[in-house]
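Student: Among the features that TrEMBL reports, signal peptide is placed at 1-34. What TrEMBL records for 299-327, 334-358, 370-393, 405-429, 460-479, 491-517, 529-548, 560-589 is transmembrane segment.
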Amino acid sequence: MSARLLVLSPPRWPGLVLLLLLLRAAPGPRPGAAFYLPGLAPVNFCEEDKKSDECKAEIELFVNRLDSVESVLPYEYTAFDFCQASEGKRPSENLGQVLFGERIEPSPYKFTFNKEETCKLVCTKTYHTEKAEDKQKLEFLKKSMLLNYQHHWIVDNMPVTWCYDVEDGQRFCNPGFPIGCYITDKGHAKDACVINSEFHERDTFYIFNHVDIKIYYHVVETGSMGARLVAAKLEPKSFKHTHIDKPDCSGPPMDISNKASGEIKIAYTYSVSFQEDAQEEFGWKLVHGDIFRPPRKGMLLSVFLGSGTQILIMTFVTLFFACLGFLSPANRGALMTCAVVLWVLLGTPAGYVAARFYKSFGGEKWKTNVLLTSFLCPGIVFADFFIMNLILWGEGSSAAIPFGTLVAILALWFCISVPLTFIGAYFGFKKNAIEHPVRTNQIPRQIPEQSFYTKPLPGIIMGGILPFGCIFIQLFFILNSIWSHQMYYMFGFLFLVFIILVITCSEATILLCYFHLCAEDYHWQWRSFLTSGFTAVYFLIYAIHYFFSKLQITGTASTILYFGYTMIMVLIFFLFTGTIGFFACFWFVTKIYSVVKVD
């Protein structure tokens, strides 16, 4: 199915855009055997001599209601005295279209695929100002031009767009075009009258009675199925045809003085042309040669991914067992015991993931990578935990872990977890580097200047809001169970929240990743990790709020202990969510660039 360019404002439902993009990227059967949702099946077009039941030659143009930004009253096309279709079936409208006042009707504009027409006459309208009926029609037409009413035409279920240049060298595309425009009695050009210097007569209306239509198409890959339309554009023009019966689309514009009298004739014409759409690369496609360029600090990112994978699997298995009832709250300490044992035994996937991505980043210091995966993040957690334990010892608290238990934990770490990490890294480095669907250019592409919302920091800050919104209610109960000594038993609901968190982190990161790629910024690796990982910063902010609003903790030692243990949770949550975001974005990028055809 061909992709079609929408020219309205940014999509209101980015999730739908994302779904369609992924469906486009997904491998599937040949076009003729593809499955399409009702109303979305594409139409194939052929030349007149090649048409068949599966390939049409006639292209129908439909007209919708006319509306204006200066009025809330839309009108049907038939309410105006334009050229009407002699025959044609009116398309069925759903309830939503009727409620919003849309009225789609057939038009007299008929085209044959790949057959060009130049200045073809559609009809001629004649008005005698002395006749009341004609005068009323003409006044209604003038009023519509004064209020800048817009046509809305449809070809193959696509809006026919009018594109024109605006200031700063930009080009704006509008899914409609005006009936005409007006020059005031003081000589000021209103609305579309500014586009043509020939529109200069005072107190005069200029009607756009001619359109140059250009239809873009691309040939279906199989070749035997014809072509599919991908866009339709037009340029409205105004001509006072010298020979109305045989118009040549030349001469001065079609003006209607506000004080005109007598007979007024308006000839409506059109020209149509067809162009082979070259499928020019734009947006995210332009960076295909840089999308898999190794990131800066690839060593650190791969280590974070390894540790994050270890935490992700540990969390999933622990909550799954708790959900099934194996880790009952009545069995005190079972949850923590299960988590620690799983973390120790999951050194292999941590080493494997870190090694695989470090190798794909072009890294060669494999010994450093293995050592950092084994000791960096676990070492930070243990150092924080040891300092907190020293404070507990100093305060004489029963929560202080005995020295023998600390030695046992270190033994589990050094004697089991570290060797397993080395084993995983061995298999990770032994395998070939991850094969990417596109090649990386030798010279990096220059990234254009970014707008505020596509810069790294705003995107990262926004990315963590939605995932945090999924967990902050459960976070209150979890913190209560830790610091207010209340029992937590809603593990089934917590497991559901965990799944929702994974999905939300993935969707938010993929969406922001897509926006940045469309802005031609291909530095997605760290950004995807930090976008999702920034949820941990909101976790920290909430923990600070909880400390001051819900707890009555006093004393320096207790305050240090609270924030010391909170920092451990924040680091674990950062690695956990950041890894989810990276893997989701990595899958998304690999998927969409696997369908890009590169010479």
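Here the Cβ of each residue, glycine as well, is placed from N, Cα and C on the backbone.
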Student: Three or more CB pairs closer than 8 Å, sequence separation of 6 or more: does that hold for the transmembrane segment (460-479) against the transmembrane segment (299-327)?
Tutor: no
Student: In terms of Cβ proximity under 8 Å, which residues at least six beyond the ends of the transmembrane segment (370-393) contact it?
Tutor: 299-300, 302-304, 306-307, 347, 350-351, 354-355, 399-401, 406, 409-410, 413, 417-418, 421-422, 425, 557, 560-561, 564-565, 567-568, 571-572, 575
Student: Determine which residues of the chain contact the transmembrane segment (299-327) at the Cβ level, with the cut-off under 8 Å and only residues 6 or more beyond its ends counted.
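Tutor: Hits for the transmembrane segment (299-327): 334-335, 338-339, 342-343, 346-347, 349-355, 357-358, 361, 363, 365, 368-369, 372-373, 376-378, 421, 491-492, 494-495, 498, 525-526, 529, 572, 575-576, 578-580, 582.
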Student: May I ask which of the stretches 405-429, 529-548, 560-589 has the most CB pairs under 8 A with the transmembrane segment (491-517)?
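Tutor: Against the transmembrane segment (491-517), the leading stretch is 560-589.
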Student: Checking distant contacts: for the transmembrane segment (405-429), what same-chain residues at least six beyond its ends satisfy Cβ-Cβ under 8 A?
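Tutor: Contacts with the transmembrane segment (405-429): 306, 340, 343-356, 359, 366, 369-370, 373-375, 378, 382, 386, 389.
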